[in-house]
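Q: Just dropping this structure here.
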Amino acid sequence: MRTSFSKLLIVLLVLFLTLSVKAQDFFHDKIISFESFNENKWESTPGNTIEVSEAHFRHGEKSLRWKWNRAGAITLHEEIGYRKYDVEDEGYVLSSFVVWVFNEKPVDDHLRFVFSTDSTTNAWFSFGLNYSGWRAAWVSFDRDMQGEPGTKMNRLRIESPESVSSGSIYLDHMVLSIPIDNRHHTPDRQVPFVNKNTTNHWLILDKMSRISLRCSGNEVVTPAEKRSIRTIERHFEDDLLNTGKVSGKMMSRLRKGFDFYNIKVEGPHVTGMPLWFVRHAELYIPLEGRSVTSHFRKNRNDLKRYFGLMLNIAQSFRKSDDVEQRRELQRMFIHMYAHLRDQGVAFGSGMGTIHHYGYSWRDYYDALFLMKSALKEEGLLDDAIRDMQWYAIVNEVNVVPSEPGMDMDAFNTQALGRLASILIMEDSPAKVCYLKNYSRWIENGLLPAPGLKDSFKADGSVYHHANHYPAYAIGGLNGAVRVVRFLSGTPFQVSYEAHETLKNALLAMRFYCNLQQWPSAMSGRHPRGTESLVPEQYAILALAGSPDGEETIDEELAAAYLRLTQYEQATEYHKLFADADIKPEQDPSGFKVMPYAASAIHRRDHWAVSVRGHSRYLWAAEHYLGANLYGRYLAHGQLQIMGNGEPVTNRASGYVQKGWDWNRFPGTTVVNLPVDQLKADVRNVDQYSGYEEMLFSDEVFAGGVHANNRNGVFAFILHEHDKYQGSLRARKSWFFFDDKIVCLGSGIENENSDRPTETVLFQNYQTSQDPPVFVNDVALDLQTKDTLLHKGSYFIVDNKNNGYYVPEDQVFLKQGRQYSRDQRSGEQTNGQFAAGVITHGTAPLEESYHYCVYPQINNKKFKKDIDPADYEILKQTAKSHVVYNKPTDQTGYVFFEAASDNNAGLIEATNIPCLAITQPADGYFNLHLSNPDLALYEGEADEVYENGKRVERSIYSRPWKYNDSKEMILEVTLRGLWKPLYDDHNRTKLLDWEHISEKKTVFRILSHQGKSYHLKIHGIDNK
């Protein structure tokens, strides 16, 4: 149920309501707030007067009232402060004017704001007045206004509407010129010309509100449609409401929460504490620095908190059967809604900026939906519908989709609000039409999207910011599973493919997570090691039935839920699934490649091992100002073992952020740098992005191949971006055979002669309960801080019971307390850790490594059971890696370049780089193939160079980012004469095959999206 968030808000309310502190707005000399007023700077034409007023206010407790009895103007004599900003030093910002305007009576006319240098007009814009209450405008001088702004502008003239002979308006919170991110100005009904070319899904409220409802259907709502609507509404309500009465204690909390906002309603006149969208504080960054962005949260007058209280009141209203309670709750809610609309949260208002508002608005839709009957009784239902549908951008569902996919944020913050804005309508053909179009919109969003577009991929990747991003996906999945559940069993349910894609994403997530937490390489800009999947999502989608409609409860998802919650208290879902005789699934086992995540996952028993690389299509790590400042090496081939703890967690398995050496993610090959040199130099590199860093390689090779989803191979070519250690290169591979992972590296080089290059075996947080680190069956004393093992053969077991066989490399082991930096603040942290690395020296050239990992094997078992001779390195060059595994009789191949005369194994040649696994079977051979190139574009890497170095550019600037993956022909030449066992071209994508000599056979397949393809081939007199 979604009530857990609201319960948290209640706790927060109790904490701040015990204080008598009054929320304070942010004040600065640049903000004209009218708390004080210098009348000498203002003049007005005859018939126009201005005065400070307390009748209405948007900032502080006063505003400027302008009253006119005939058309005229008021003028402020003040240096405007306009200037053009330097991109290199200040980013992509635009000098902008900001103002809030209160209008008492809507009129079909506008104000005109005119900026001048003395008496010479420079720039101007119009501000529509067809509204009542407060409205805002953020208007850039260069892009949005007419005319030509000048740096010497020193007058602002505001002209009254020509068609209104007398009237009044109020002005507040005016900033004459301030730099604002060019992406964030929001067009609305007052200033529709602002940022008019934006396609940002947060900012298209006005554009979409003008799209008409398009649908074919009945002229009346049929009984069947009414029953379906009631079913959906019941699901929606049940998700928001729990059982139980509203206690006196709860009522007291709600009253205190309501009183905090000091709302006064006298007829149409409303006053109260100014309310702010949290992003409005970004306006103050040039004045106060980035810390000011939390101002409204700290002062408790942000809209998210306000909406949370509204939802608490609405839930209590719906639960209560006490007449007096319900009357009081309804009064509080209606007054809060009146104040909200007065403050500018109403149809047609973009509030200056509204970017990323969905995260704050979620409780808004739910609250109004639950209060439908009260709103109708008060004569406010039509207003509520218009307001909700404006912010939910509901008319976007009327646009026929042109390609699959939609922003993950839409699932997270708009899907449920959009549905609520439809369900709150009275039953009508229009409501049915909206539901049909809504279902189409949701269904299209769930389908696998092309290229790097959100939200879902065929391999189970969940997308945001042009990469696999579970941290964002859990919010999106929260909306997606609910919507599919709510619509299930009705004519509005989504298609099989859409439902199956969503299910696949959940099943993939429970495969790469262990038990609930995902590996740090998939953490995006949040390398805290604490984020996790949400088990309830599996239960909710299970109740939607199976995608094919055969099961009323999807048993696979229900079984996953039961395993994921094995350490938690029983819920209503446990009882429901037990009654259906569904048992928890076994721990997942197998090997999964995720090409769109540049990742692979290998699982046996209770442990999971993940590996991640990056490429010219998929960035290595995301960095913001104050987020993941040091995690540059997250995807340099990180091989993370998660197998410790009950339940298994990152922390128990060794990953703890405090004290973590950001150089030493297991599996990575890196230049080991002082921690302060690892700090990301985060910039605003173009107009398509903000202050963020997401760097690419210029290599296409990052992917894997699986053998019937049991074992597999993963590899990638490492080439770090020139912004940092651009000379660092390596060719890395991992061969996953049951209980071992053979790790190879070739072509390791860089030009850094000051700092060592390392390949990391492990880094683990140490606790007093951990076993010691063992080397060749000898335990390292905890007092032994540093150990250098010269080139030789070593059997190492780390403090988390993972074994490492290193046959011939030099190894450095380190134990003890180490000091690092917090990934957000940069403050010093420390912790007790053990680490082991293979050393390559400084400025290495053509270096290599070879080691084998045995997850979750203690020292005693390692010594007794491990046989290093059960696999063989057939080839390890810069061009290819080939490994034979004796127990499974499998040979894994990595061809970093097209092979021409490979002499190791069955495969002799390939036309392009690829991966393969071969394995004999009874009477035939298994051939598994993959082309790792996602092929989102062709030719050389999409890079811009300065002085021979790659220039940093954002992913959002790349024209190919939403291209679909192109199909490519993969041609493999085998020794001997072979033919396909089955002529199943559709299943295998086999194009053709031919014998090109008496001893060679060529197979050609159509490869796509980094997928693995399986051919069964039969030998013809191969002797």
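Cβ atoms here come from the backbone N, Cα and C positions, even for glycine.
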Q: TrEMBL has Ser33, Glu35 binding Ca(2+). Which one of Asp172, Asp181, Asp188 is in the same site?
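A: Answer, per TrEMBL (Ca(2+) site with Ser33, Glu35), from Asp172, Asp181, Asp188: Asp172.
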Q: Around the Ca(2+) site recorded as Ser33, Glu35, Asp172, what other same-chain residues have a C-beta within 8 angstroms of the site's C-beta center?
A: Ile31, Ile32, Phe34, Phe57, Arg58, His59, Gly60, Glu61, Lys62, Ser63, His173
Q: Over the domain 'Lyase catalytic' (220-569), what does the predicted model average in pLDDT?
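A: Looking only at the domain 'Lyase catalytic' (220-569), pLDDT averages out to 97.
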Q: Could you check the recorded positions Arg183, His356, Arg525 and say which one's CB has the most other CB atoms within 10 Å?
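A: Of the recorded positions Arg183, His356, Arg525, the highest Cβ count within 10 Å belongs to Arg525.
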Q: For His465 (active site, proton acceptor), name the DSSP secondary structure in the helix/strand/coil scheme.
A: coil
Q: Tell me whether Glu622 (site 'Important for catalytic activity against all substrates') sits in a helix, a strand or coil according to DSSP.
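A: Its secondary structure by DSSP: strand.
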Q: For Glu622 (site 'Important for catalytic activity against all substrates'), find which of the recorded positions Asp172, His355, His465, Tyr472, Arg525 come within 10 Å, Cα to Cα.
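A: Close recorded positions: His465, Arg525.
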Q: How many neighbouring Cβ atoms, not counting its own, are there within 10 Å of the Cβ of His465 (active site, proton acceptor)?
A: 20
Q: On a C-alpha basis, identify the one among Ser33, Glu35, Arg183, His465, Tyr472 that is nearest to His355 (site 'Important for catalytic activity against dermatan sulfate substrate'); the candidates are the recorded positions.
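A: So, spelling it out, the nearest of the recorded positions is Arg183.
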